[in-house]
Amino acid sequence: IGVAVECKDGYLMGSDGCKLDCLMKKGTYCADECSRVKGKDGYCYLWLACYCYNMPDSVKVWERATNRCGKGK
């Protein structure tokens, strides 16, 4: 019997609710950050924000519908 594990992909989110920026960061920054949250891999999308693959469902990612970036806390 196989066990299905759901994983998610998405933009990492900083404590301010914004996408985690990768502009002017070292080349492995996003892969390192994705690994830190137990994602399989990640990259700097258009040199602007970290996008990660296969993260645990518990990791909060940026979503347009719940965006609070720049809106205060």
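Cβ coordinates come from backbone N, Cα and C, glycine included.
Source: prediction; values computed, not measured.
Swiss-Prot lists 1-7 with the feature signal peptide, giving similarity to another entry as the kind of evidence.
When DSSP labels each residue, the domain 'LCN-type CS-alpha/beta' (8-70) comes out as 11 helix, 21 strand, 31 coil, counted as helix, strand and coil in that order. Here Swiss-Prot flags 8-70 as domain 'LCN-type CS-alpha/beta', drawing on sequence analysis.
The disulfide bond annotation in Swiss-Prot covers Cys18-Cys69 (among others) and rests on sequence analysis. A C-beta separation below 8 Å, combined with a sequence spacing of at least six in one chain, links Cys18 (disulfide bond) to Trp62, Cys69, Gly70.
Counted within 10 Å of its Cβ, the other Cβ atoms near Cys44 (disulfide bond) come to 21, all protein chains included. Swiss-Prot lists Cys22-Cys44 (among others) with the feature disulfide bond, giving sequence analysis as the kind of evidence.
In sequence order, Leu12, Leu20, Cys22, Gly42, Tyr43, Cys44, Cys50, Tyr51, Cys52 are the residues near Cys30 (disulfide bond), counting only same-chain partners six or more apart with C-beta under 8 A. If you look up Swiss-Prot, you'll see Cys30-Cys50 (among others) marked as disulfide bond.
Among the features that Swiss-Prot reports, disulfide bond is placed at Cys34-Cys52 (among others), with the record citing sequence analysis. Listed in sequence order, Leu12, Lys40, Asp41, Gly42, Cys50, Cys52, Tyr53, Met55 are the same-chain residues six or more apart from Cys34 (disulfide bond) with CB atoms under 8 A from its CB.
DSSP classifies Lys71 (lysine amide) as coil under the three-state reduction. In sequence order, Gly17 constitute the residues six or more apart from Lys71 (lysine amide) in its chain with CB-CB distances below 8 Å. For Lys71, the entry in Swiss-Prot reads lysine amide, with the evidence type similarity to another entry.
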Other CB atoms, at most 10 A from the CB of Cys22 (disulfide bond)
22
Pop the mean pLDDT for the domain 'LCN-type CS-alpha/beta' (8-70) in here, whole number is fine.
94
